[in-house]
């Protein structure tokens, strides 16, 4: 399931963050890639301990935990702290898949990467290329979103970033460990939750059918969830 989550960051905060990141010190992105990914990765990355990066990352996490759409779609149990990348003209990232386990800096307990997230910070009209292309059984999905918007997708998906041909593309990227690791089960719960919300609006929260469906949702979550 691919999920577009609009306005994770307010427009003014996204603009402020972009200006701050443009003035930060960046390193070669290949330094943080695995052996296979390093062969196809051409970008810059903000060091994980960058003060401005940590500040913006914390705001992203706070914003997400206030968003019902994210909570319903991801069912998050752990979030790998957001990182930041920068693609200048000629930069891109070839086809690859994300590592199954990621270790936050200074932690020995890994995060299982059930979901990948990209939050765009550069307005789409300021650069050409730089599209996130995600492959699944339905084909290729090309993603280029407004500043402050985010896409959520299964971390096991093959994906790439097309070469930037004008301007630059700055974005946050990170991973989520979900209560429900199976993407199909998580998608069913997301659709069921949406149907319950629609029914509650139409019939009322206390309507018998709404209560019954809510019980089905929680019983499925109880069956499928693992902390």
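Every residue gets a Cβ built from N, Cα and C, even glycine.
The feature Fe cation binding site is assigned by Swiss-Prot to 96, 98, 159, with sequence analysis given as support. The 2-oxoglutarate binding site annotation in Swiss-Prot covers 169. Per Swiss-Prot, the feature domain 'Fe2OG dioxygenase' maps to 78-178; the stated evidence is sequence analysis.
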Between residue 96 (Fe cation binding site) and residue 169 (2-oxoglutarate binding site), the C-alpha gap once rounded to whole angstrom: 19
Cβ-based neighbourhood (8 Å from the centroid) of the Fe cation site, residues 96, 98, 159 excluded: 37, 93, 95, 97, 116, 155, 157, 158, 160
Conformational class of residue 169 (2-oxoglutarate binding site) under the three-state DSSP mapping: strand
Residue 159 (Fe cation binding site), number of other Cβ atoms within 10 Å: 23
Pairwise Cα distance for residue 169 (2-oxoglutarate binding site)/residue 159 (Fe cation binding site) [Å, integer]: 17
